[in-house]
């Protein structure tokens, strides 16, 4: 019979979560199952992380290479929604939390756990994202945070690791809090908490200095129904597309973001992000939508995209509202197929060409040269009807002395 007295821990392999394994067992009396996902963050192999978890006292270690799943089911949804929270942030961390939560719940069911633990503090967004996502999938599971709920501070961690002779090699602590995956990289805390302090070179890893770029890089990205399927004529999966654009756009310094952000928990925070692949792909996707979406559909989608980004940022990935928006966004993508040519250089991703069999751009209607098929005489009647409400309202304003004033002096 499965043991229902276990805790599933979101395990990164670092000091915090390595200490948390034994600390949770000691404080709660429950065995701990460590869960680790590869979402393209780089660093140590899953096997190395698995063995460390077991050496630190985990009774089971559940590891998953989720890179393709993350790219296909999460990054592509963000791409189709042109997701940019507050106009600039491509939801680097926010879209990974629902995927991690799904695997935490799966592990809880598999190993008979009744509690899920994460390593978030009590003032960040991720605690909400994990716990709301977990509750949305299985509301019977309890969620805890050792840092928030059990007073597991860094000083306690170091002392605990020494006392219990845990197999952890402590390296010099970075002054920053960093979260990264294939969609991008988030950097915060340390001296960046003073919003007047400019970022230093050591903040960045995914991008080179845009002030000293190599020769410009021209790239052609082909989309099929909103998803990148080819780069420069070569077939790519979503994961391969993101990885290649990370390399190429990152080399040009594309995707550096520095902003004061409105957090879900109500405070403002200073955040740095690097998302070269995400920024380049979203720029290309938006331009293809400009060609392929009907005007009113496009206007509505821009509003929907903004709201989608806010909902996902605010821990609502699994909510009914987000699912409804997903259905609308997916329907808009059936004609978003074609090619976008971009130049990557000096921190910018600039579209220089676009073509699509499903484009609504009609050269014969748009041209001012011979061959123009647009009947300009039709504009007279259109303007009469379109301007009718304004003329009627203006007549009323004049009647009541509220007409728009015009300059009385004559022009010499």
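Glycine too: its Cβ is placed from the backbone N, Cα and C atoms.
As annotated by Swiss-Prot, ATP binding site applies to 10, 11, 12, 13, 14, 15, 16, 17, 18, 119. Sequence annotations record features per position, and here Swiss-Prot assigns L-citrulline binding site to 89, 125, 129, 177, 261, 273. According to Swiss-Prot, the L-aspartate binding site annotation covers 121, 125, 126, on the basis of sequence analysis.
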The correct three-state DSSP answer for residue 273 (L-citrulline binding site) is strand
Binding-site residues considered: 121, 126, 129, 273; fewest surrounding Cβ atoms within 10 Å belongs to 121
Starting from the Cβ centroid of 121, 125, 126, which together make up the recorded L-aspartate site, report each further residue of the same chain whose Cβ lies within 8 Å of that point, ordered by sequence.
120, 123, 124, 127, 128, 129, 265
Take the Cβ of residue 16 (ATP binding site) and count every other Cβ within 10 Å, whichever protein chain it belongs to.
16
Measuring Cα to Cα, how many angstrom lie between residue 12 (ATP binding site) and residue 125 (L-citrulline binding site)?
18
Rounded to the nearest Å, what's the C-alpha distance separating residue 16 (ATP binding site) and residue 121 (L-aspartate binding site)? Just drop the number here, would you?
11
According to DSSP, does residue 12 (ATP binding site) sit in a helix, a strand, or coil?
coil
Closest of the binding-site residues to residue 121 (L-aspartate binding site), Cα to Cα, picking from 89, 129, 273?
129
What three-state class does DSSP give residue 129 (L-citrulline binding site)?
helix
Per DSSP, three-state class assigned to residue 121 (L-aspartate binding site):
coil
Please identify, from the binding-site residues 12, 18, 125, 177, the residue with the sparsest Cβ neighbourhood, meaning fewest other Cβ atoms within 10 angstroms.
177
